[in-house]
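Here the structure comes first, spelled out in structure tokens, and everything after it is commentary.
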Amino acid sequence: MGFLRMTKQYLPHLARLCLISTFLEDGIRMWFQWNEQKDYIEATWGCGYFLATCFVLLNLTGQLGGCVLILSRNFVQYACFGLFGVIALQTVAYSILWDIKFLMRNLALGGGLLLLLAESRSEGKSMFAGVPSMGESSPKQYMQLGGRVLLVLMFMTLLHFDPSFFSILQNMVGTALIILVAIGFKTKLAALTLVIWLLAINVYFNAFWTVPAYKPMHDFLKYDFFQTTSVIGGLLLVVALGPGGVSMDEKKKEW
């Protein structure tokens, strides 16, 4: 694909920037809404001032610190593990565990981080020293598989079940594309198509800049916008780096 050849040098950088955008936005929000976030956690969990403050501080430093490390390409693996921890912490603290839509989006975000972890992992050094390899595939390739499968969960939340022709067509095309990405067949083309589709949906439906900042909907749309941008970043990593060894695209080369 000509597009990929022209953008090969820049695409991974753009992908990483998109991927960390939701953590960057949330970390900044923790700073500007320090008291509101602290009061919410204290009231919801009854954990007291100290623990609520620690929660907000951990979110702020963990997310902003992780973003800086990833963008500077330093200690990326540790930064990814730290951001995994932030996702898990927020999933429990904000009761996301019981909201299937937000849970699937958080899992998709984790999939993006898994792809970033796979990208940062050098072929020669394994994070899983002592663990026997499964067949000919390295742990990196299984991370890429897990990342792809988790990423497509975002699209499961975008499917609308109504009888209109456009909705049915969108569901059919979207389902076909996410299956292609998950199994790793025509992966780069399918992922790039999903990037374009998700970008259009994100700008149209999550236009938080059109809603006054004092309205609660502004924050909801802003949260959705940056989460979706992070999933776009994960898909761009798939476009830039390919599906990995555990995929139909890779197996085709052996046939």
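Cβ atoms are placed via backbone N, Cα and C, with glycine included.
According to TrEMBL, the protein has these features:
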- 48-71: transmembrane segment (TRANSMEM)
- 78-97: transmembrane segment (TRANSMEM)
- 165-182: transmembrane segment (TRANSMEM)
- 189-205: transmembrane segment (TRANSMEM)
- 225-246: transmembrane segment (TRANSMEM)
Query: By Cβ distance under 8 Å, which residues at least 6 away from the ends of the transmembrane segment (189-205) in the same chain are close to it?
result: 1, 3, 154-155, 158, 174, 177-178, 180-181, 224-225, 228-229, 231-232, 235-236, 238-239
Query: So which residues does the transmembrane segment (225-246) touch in its own chain, when a touch means Cβ under 8 Å and the partner is 6 or more beyond its ends?
result: 4, 8, 11-12, 14-26, 105, 108-109, 111-113, 115-116, 118-119, 136-138, 140-145, 147-148, 151, 154, 181, 184, 187-188, 191-192, 194-195, 198-199, 201-202, 206-208
